[in-house]
Protein chains: 2
Amino acid sequence: MTQPLATGSTIGILGGGQLGRMLSVAASRLGFKTCIFEPGGDCPASHVANFHLQAEYTDEEALRRFAESVDVITYEFENIPTSALDILEKLRPIHPNREALRVSQDRLTEKTWLTDLGLKVAPFADVTDAETMAAAVQHIGTPSILKTRRFGYDGKGQARLKSPEDAAQALADMNGAPAVLEGFVDFTAEISVIAARSQDGQVTAFDPGENVHKSGILDTTTVPAKLPARFQTDAVLMAGRILNALDYVGVLGVEFFVTPQELIINEIAPRVHNSGHWTQNGCAIDQFEQHIRAVAGWPLGDGQRHSDVVMENLIGDDMDRVPELAADPNCALHLYGKAEAKPGRKMGHVNRIIRG
Amino acid sequence: MTQPLATGSTIGILGGGQLGRMLSVAASRLGFKTCIFEPGGDCPASHVANFHLQAEYTDEEALRRFAESVDVITYEFENIPTSALDILEKLRPIHPNREALRVSQDRLTEKTWLTDLGLKVAPFADVTDAETMAAAVQHIGTPSILKTRRFGYDGKGQARLKSPEDAAQALADMNGAPAVLEGFVDFTAEISVIAARSQDGQVTAFDPGENVHKSGILDTTTVPAKLPARFQTDAVLMAGRILNALDYVGVLGVEFFVTPQELIINEIAPRVHNSGHWTQNGCAIDQFEQHIRAVAGWPLGDGQRHSDVVMENLIGDDMDRVPELAADPNCALHLYGKAEAKPGRKMGHVNRIIRG
């Protein structure tokens, strides 16, 4: 039986962006303090956290000081340097665990791991040079997508191949980074499941959301997803299998391609996920509190949906629409307090509540 | 036309308790920073605010520094010293305004003001000494309640008179503080309305909640209140009249006694109110965000109720029930991060969602 973390304890969060910000707020609801580890100054999470330790991930002394000032550690992004984890995990528990990070930090590892678990992913092949690229194109065919194995997000580090002639340019676009060639999936929709697992092994999932991307970045998530009932169940069961196989603690995002025949896993993220922001206005307990509950060894909350929601990201100059959205009675705004609205930068999101 | 405060601006909040804490979180949702002015250290609001200026309300230099570091000022409690307001209002706008504070800081002023507005309050009489006490008892009769004119909250500064013989003891209990004798209202229920008014004069109200007190402290608020439809409308209209008469900006709490014949106003509070905490899990926009929107010159949000809720305060060793409440799928916890659970101290609240 897990001993739950007492209210008043401090939760350490690696990363000070909007996910860390909303995790901090959720932690405060349960009476926890938070300490943010983040190299950048005036970061979104620092505005709502007790402490902000501003240091690089290579600063071993700062990492030690951070770990010693908190009771448990979690994170808002999966690309935490291994060297930092080595230091932190000797001092405090880290949730989700190393295995979840190992699997999800690398597309090749992730796809291999998911395949070994018996789950379906798009056809894929390892690409390190012109020779493996040629073999991959022959094996996977075109259209296909070349993606860096590591550090890709929001469509960055990706190159599309319409025909085999695009291979050389796509490989050049990787700048020498190890990559994976993914077969094109002719999907009818993209969905995601935000699932959670507690320290006692309790598993729960929010209703699947239907995602629409624009220029590689999530644009909207609509809940409920238009999806056959069988697929809804399948998606949740697959997320549950992944959680159990990883002995996972916390919230996990799983993205799927929907085809007329089946669900194909696109990728997993060992953290709260942009496509789960709708839960803030659709459920009594949102994904952020669910994650904090799991990390703190608390029982999971009830993520039953009370409202239908369309979440829309506010990116760059979408911020110009804030006055209009603020006046819309169906809209709940969530802004991240970022100083400057750059193109492609996620500045906030709006949850539009669909009244019955 | 009001110019709305730009996201990224800083809202100054006087008072660092749980109301300031939840106001800070709401401000963060709209991209605002917050600065808390509070004499106490490690206060609940400081855990989720950008800045905490720890100083006394008599510290003129600190008050000036606070005002100059923020764009607009609001507060979580009505007993702000006049001398502090004199300094602050010269430097930055304060919402709600001085008139709202003047009226609500003093029970005698408040009851007189409400009566002059044509609203019904319990019979009352000014009490300053044995002579005025005798006259008041003769005029109001017993049972009745003697209350200090200022600084009363959660049943503090009150003495009940069952018969005229209790007058001397009740007067002694006031310790020389000016008081008001209030006639006893034979009520069937207590309700409150949480209403808001924007800088443009837009007025809105959340559904009335039904309150039950225990030992003079709010115990539960249930929404919807069991109340004839006519009274629901009356309560909201009265709250609106008060807001307009005060040229009020922000959220106002109005408590009513319900009798079979009519609604009688018990008191008003020029701030977010404990009996409005249910809105956090009952509405897309809660009372805290509504207040921040008003103070920031934004349009008000939609406070339509999506769920029925019973809010229960967690006081003192009610904190022992947290593990059980955390495991209850119908409960959303809101804890204040207070270090020590003393008897009578509000440590948190739980919103129990009533499923249809």
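Residue positions begin at 1 at the first shown residue.
Cβ coordinates come from backbone N, Cα and C, glycine included.
What TrEMBL lists as ATP binding site is A:ARG107, A:LYS147, A:152-158, A:182-185, A:GLU190, A:HIS213, A:266-267. Residues or ranges marked as domain 'ATP-grasp' in TrEMBL: A:111-296.
Feature map: annotations from TrEMBL on the structure.
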residue  : record           : Cβ within 10 Å
A:ARG107 : ATP binding site : 22
A:LYS156 : ATP binding site : 12
A:GLU182 : ATP binding site : 22
A:VAL185 : ATP binding site : 18
A:ASN266 : ATP binding site : 19
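On the 0 to 100 pLDDT scale, the model's mean across the domain 'ATP-grasp' (A:111-296) is 95.
In the three-state DSSP assignment, the secondary structure recorded for A:VAL185 (ATP binding site) is coil.
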